[in-house]
Structure formats: structure tokens, C-alpha cells
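The structure appears below as C-alpha cells.
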Amino acid sequence: MSHSASPKPATARRSEALTGEIRIPGDKSISHRSFMFGGLASGETRITGLLEGEDVINTGRAMQAMGAKIRKEGDVWIINGVGNGCLLQPEAALDFGNAGTGARLTMGLVGTYDMKTSFIGDASLSKRPMGRVLNPLREMGVQVEAADGDRMPLTLIGPKTANPITYRVPMASAQVKSAVLLAGLNTPGVTTVIEPVMTRDHTEKMLQGFGADLTVETDKDGVRHIRITGQGKLVGQTIDVPGDPSSTAFPLVAALLVEGSDVTIRNVLMNPTRTGLILTLQEMGADIEVLNARLAGGEDVADLRVRASKLKGVVVPPERAPSMIDEYPVLAIAASFAEGETVMDGLDELRVKESDRLAAVARGLEANGVDCTEGEMSLTVRGRPDGKGLGGGTVATHLDHRIAMSFLVMGLAAEKPVTVDDSNMIATSFPEFMDMMPGLGAKIELSIL
């Protein structure tokens, strides 16, 4: 599904205290995997709390195209899966729209099948490099026909029987790790992924939950060895998807920045590989209270009470990047209102997201009067605690949902309004954002440029 052709600019203005309780839409990583693993498992999978953004729905459609039966009854998604090893060759190309996660994970899932599968996406996704996922698949015997630079549109031609490999992930990427593990599901023998820096581990936890023969060992240097034995049986599960920490970041930072705010966010995923932003904000002096911490479906979940806070600049350790890679844009907004300097380093992954996210953030900050320096892999922001002189600019979002939401948050606390050139694509990850934020008291509206 492509975004509407005509852009919908939006403007955020300085707001009074934000107050209330909200429940964030389901986690995107877990939602993608729920559709995939449910579609692959034998028997019935029932999902509540699924993120119904376009990206996740595209993953569901891809699984339907390969034989899974998916329907919705009330609030519950019900999937009847095909059984591991029994995916069918899709009749047409699988269209992932803007969904990098869905596309890359599905490439792993189907690559080792003896069939031909084509992948297409929107203009933004078609610019993103897929080689990091395709290279290990090539080692397993998959043939690839791709556009220049291993980009989409592309076609995978699977081997008669795939070779199990041992693959050391060359960069901190949960998508690459996951793609290789999923390829291992349909491969005889043991497929091993060696991960020098731990990244989000939903694939491992959820595959174990669905019954895969998967083990994780961490050596004395913190290097993880993940082994999966292929061609085993997966069994349908019941899943309640917790709230997405990456989406939580926007109302959370807004509540910290808008004077007098007091907001409670319910049912947030607190998986330790995803909480880098909360940790960083707490180091900056944020008043974030973790309430009712609990385990749900093997994942850590809690409620967060967030109150307006005076923030101070910090140096964010580069090794924290994998646990908050999607949150740097909104952290840069928080840093714009913090006293002193905030240094963010190790941001090379941001160059290959929906946009060159690092450059997009730096340009947006500059357009709104923020003193910042963009390095090769770093961003330094010198803040203005009172928001004086900030705002007044229009931000080029480059079809990137996180850039759009981050700068709308900025406008809520800046002296002058902030406009983003398009808000259509917010629907890819957080369709409720434009209604939920005004419900707390945020002044955000669609604007006429």
C-alpha cells in the first residue's frame, strides 16, 4: 500500500500541560513476527494488541499470499498457519510498501524454499540496501536477481536444499540476525549466528515460544552464539502484543518537555534490548517512574508515569545505539531543550533508515534554530532549556514517519510553531498519533502550506 500521493503537512504549537493516560499501539517488531511465525506454525495463532499500521499489514498480506489464512474477529487476529516448510510460491510479487523489517525478515523466511519469490516496495524502500541480508542467503545457496546495489525490486530463487551456515553478523543488526535464523528454519541441520553486539532479541524469544529448537549461549566477551536446528515443528500460540517502545518515545518526550505535564503510558514493552532511550533520558534528569513491572509472553512489560522535567545534556555511549537506534531523532529533540551539550555517537545505521535519518534530523534542527553539529556518525546538540528562539521552521520529512513525529513533538515546547511537510506516513508505525496526542492536550493540526 503506497502513501497518499498528496502530502499532508502538519503543525505543532506550544501547548499547555499534557495530562492523561494512554495505551500505545502494539510493538512493531513483535507484530511483524506474530504474523510471520503464526502464518508458518501449525494450528491456530491468536493475536491481540497487534499494531495495525501499514507495514505490519503488508507482512500479513505476504503470509496470506504464501498460504496462511488470516482473519480478524473483534479485537483478535486469528491465523491458521501452513506448517514449517510448507509455504507456497506466491503468484505475484510480495509488496512491502515502506516496511524494511517485513521485507528483510521475509527474504530470510522464504529464501531457502525451492521456489521463486519476488519483492517490491515503495520509492523509499526501493532505495534501501538489502545486501546485508542477501549475502548470508547467497552462502546458503539462494540465487538473487536484484536491482543495482542489491536493492528492490528483487527476486530470490531458492536452492533444492539449503546449506546450513555459521554466520558472524558484521554489524549490529537484528534484521540480519533474524533473516539468517528464519532461513535456518527450512534448512537441514544447525544454522548458527554469531552476534558480537547484542541487538533486540524478539526473534529468538518468539521462535522458542513457537517451539523452535533454538539455543543462545553468551561467551565471556559478551558474544552471543545462536543456534537453530532446521525443519522442526512450530506450533500456533496466543500472543498479547505489548506497546511499542519506539512509539512510546514520542508522547514520553513530549510529556518531559511541556511544562506541567503528567502522563501515564500503559503496557509498554521493556525488553532490555529496547530501553536505551529511557535510560538515557533518566541520565538527563527525566522523571520517569516505572510502575507495575511484569512479564507477559516472555517479555518485560510495565506502565510509565512521565512528568515534565528539566533536562541536562549527556554523552550517550555509542554501544547503546542498537538498543535505541530508532529513538535518536526524538532524543535529539529532547536534547534541544536540555541545558548544555548532548553528544550522540555510533549512528552509522541512521544513514540507511527510511531516509538518511541523521542528515534529516540535523537539517530539521537547523531549520528550527537549534545549535547542532553533524559528524560522519555523530550528532552534537547544544540545548535551550526555555525553548526560546526555537521553532518557526518547516521540516522535510523525506517520507520518514519518525522524523515527522519527532519534529511535531518539538513544536509542542518550542517558542514558535514547527511544521512538517507531510504527516501521511505516520500511519506506517503509529496510526493513532494524530488523535492520541491532541487527546493529552497537544496542539497538533493538519496545516495548509
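Placement of Cβ uses the backbone N, Cα and C atoms for every residue, glycine included.
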Task: One of LYS8, LYS310, LYS312, LYS353 listed by Swiss-Prot as binding 3-phosphoshikimate at the site of LYS28, SER29, ARG33, SER173, GLN175, ASP326 - done: LYS353
Open item on the list: For the annotation region 'Disordered' in Swiss-Prot, which listed range does it cover: 1-23, 208-230?
Closed with: 1-23
- [ ] List which of the recorded positions SER29, ARG33, SER173, ASP326, LYS353 have their Cα within 10 Å of the Cα of GLY100 (phosphoenolpyruvate binding site), in sequence order.
- [x] LYS353
- [ ] Using a 10 angstroms cut-off on Cβ to Cβ distances, just flag whichever of ARG33, ARG128, ARG402 is the loneliest among these binding-site residues.
- [x] ARG128
- [ ] Compare the C-alpha of SER29 (3-phosphoshikimate binding site) with the C-alpha of each of the recorded positions ARG128, GLN175, ASP326, ARG357, ARG402, and give the closest one.
- [x] GLN175
- [ ] Sorry to bug you, but what's the C-alpha spacing from ASP326 (active site, proton acceptor) to SER173 (3-phosphoshikimate binding site), rounded to the closest Å?
- [x] 12
Open item on the list: Just to be sure I understand the packing, how many Cβ atoms besides its own are within 10 Å of the Cβ of GLN175 (phosphoenolpyruvate binding site)?
Closed with: 22
Task: Using Cα positions only, nearest of the recorded positions to ARG402 (phosphoenolpyruvate binding site) (ARG33, ASP326, LYS353) - done: ASP326
- [ ] Calculate the distance in Å between the alpha carbons (Cα) of ASP326 (active site, proton acceptor) and LYS353 (3-phosphoshikimate binding site), and round it to a whole number.
- [x] 9
